[in-house]
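Per Swiss-Prot, these features apply:
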- LYS82, GLY83, GLY139, ASN140, GLY141: ATP binding site (BINDING)
- 52-190: domain 'Fido' (DOMAIN)
Amino acid sequence: MVRYNAVEDPLCYPGTHVLRNRANIPDQNELDEFEQLMFDSRAREALPDGDLDFAHYRALHRHFFQDVYEWAGQTRIIRTGKGENWFCYPEYIEREANRLFAELAARDHLARTESKEAFAKGASWFLAEINAIHPFREGNGRTQLVFLTMLTRYAGYELDESKLEPKRFLDAMIRSFSGDLAPLAAEIRRMI
């Protein structure tokens, strides 16, 4: 099953939609298992320090996916999307990500929100934007969730990932792609 629409992806094994990987696993299901195993292993380690900027975001991606992909932490080089929604074209990723993270910094990384509801609303804006940019070929969702956890702590709250309902969260992310942030804000609020 094809998970993403992609244009001429040199990162895949020829004739497949399976990303080339350090373990040389040509089967998507096996790669998914290996990727999650490596992610979980790296999650037990200290996270990279940073300033909650795009360089820090890329360092987080590199940390979690370095054992799986040579390009971990590097921005996407091909056009890709899901369903009928295309993500930011690769030639604009750096500019758009830097714009987004500058705006996040101007908002003090959401640390000065007056309530959990206000934080959830701001976090939903950020997640919708970074998801539309989709800077990496794979691993965007997990990197987003790690970064959301960091933002939540920076704002003085805790994110309870045990309350994450994947289907509801994914549906909310999809709706956010067309500008409807309310379901995503509600999902974030439910977890803090």
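Note: Cβ is positioned from N, Cα and C throughout, glycine not excepted.
What you see is a predicted model, and the numbers here were worked out from it, not measured in a lab.
In terms of DSSP secondary structure, the domain 'Fido' (52-190) contains 89 helix, 5 strand, 45 coil. Here the binding-site residues are GLY83, GLY139, GLY141; the one with the fewest Cβ atoms within 10 Å of its Cβ is GLY83. Our reading of the ATP binding annotation (LYS82, GLY83, GLY139, ASN140, GLY141) yields a largest Cα to Cα distance of 18 angstrom. For the domain 'Fido' (52-190), the predicted model reports an average pLDDT of 97.
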